[in-house]
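Taken from TrEMBL as is:
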type: BINDING; residues: LYS64; note: ATP binding site
type: DOMAIN; residues: 35-318; note: domain 'Protein kinase'
Amino acid sequence: MTTITDNTIYSFEDLSPVKIPKSHLFGSCVHVGDYEKLNKIGQGTYGVVYKARNIKTNEILALKRIKIEKLKDGFPISSVREINILRTVRHPNIVEFKDVVVGKSLDNVFLVMEYCEQDLATLIDCKIHFTESQIKCLMQQLFCGLKYLHKNFIIHRDLKVSNLLLTDKGLLKIADFGLARNYGCPGDPMSPCVVTLWYRAPELLFHSNYHSTAIDMWAAGCIFGELLLQKPLLPGQSEIQQIDLIINLIGTPNDRIWPGFNDLPIAKSFTVKHQPFNNISHIFSCVSKAGIRLLNLLLMYDPCKRATADECLQSSYFRESPLPCDPSVMPSFPQKS
């Protein structure tokens, strides 16, 4: 293995330097100078995002600068994973990857992505009111994107409203794959320290060593609730408080409703409070029975019983009045400045 600094390659084995000509340093990569940065539009898990214009074609795109903490440590493995995943996925509800472009050194590397005018977090923060028909449209698109990812053995692992982009044509796009992973065999161990706290599934909070696509479905349930309430559903400030908020919402977990719960590391060391009630129907009193059923299937302790994206798409919630609106008639919102 090697790491690159300026025009020198250092071997990881003996740290011996090898100089290479600058003309060969980046091979055939496009230079970032072919793009004009217009303004900063956001910050993902592992990099800053800019709105930019391709100088040659005038196309408006997004440039995501890869965050490299220490150049001597080489290119971040998270970015390698993100590039590898984005190169293989093609779906209307997943942000489109275009290219990798470079500056004068390896701490100046950008992913070129399609540009989307808004993200759901900004719209919720601006108190934009979504109708139930529009919420159904957004959730249906989210489930379509997740169905595609999970069918292709990809877990996003950082779903939240700020990672859901919206185009001026009403298309929802899942973005920021900095924490995404391919998964193979069931029970493949992964780090529990993923997913922004407010959207983190119980199996992660209780430090299970194994998780699956079900963590994305829990996050989707939190997003669904946030769209309905127009505010975060479970805004905890610590893991302990997050567990407390979940218990307040759906009751106390136990081995009966979540087999194996008592063997989880946090369950052994932390006494959870007793709260026997599921309060989803109370909090979402204006939502139909089908909508409550869908929320309950997503916000379920046992990941093995949690609804899949395909099952969510079959929900009667999307077939009852009001029906999901077509993306093309979603309202247009001002672009992020």
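From the backbone N, Cα and C atoms, a Cβ is placed for every residue, glycine too.
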Around the Cβ of LYS64 (ATP binding site), the count of other Cβ atoms that are within 10 Å: 26
PLDDT averaged over the residues of the domain 'Protein kinase' (35-318): 92
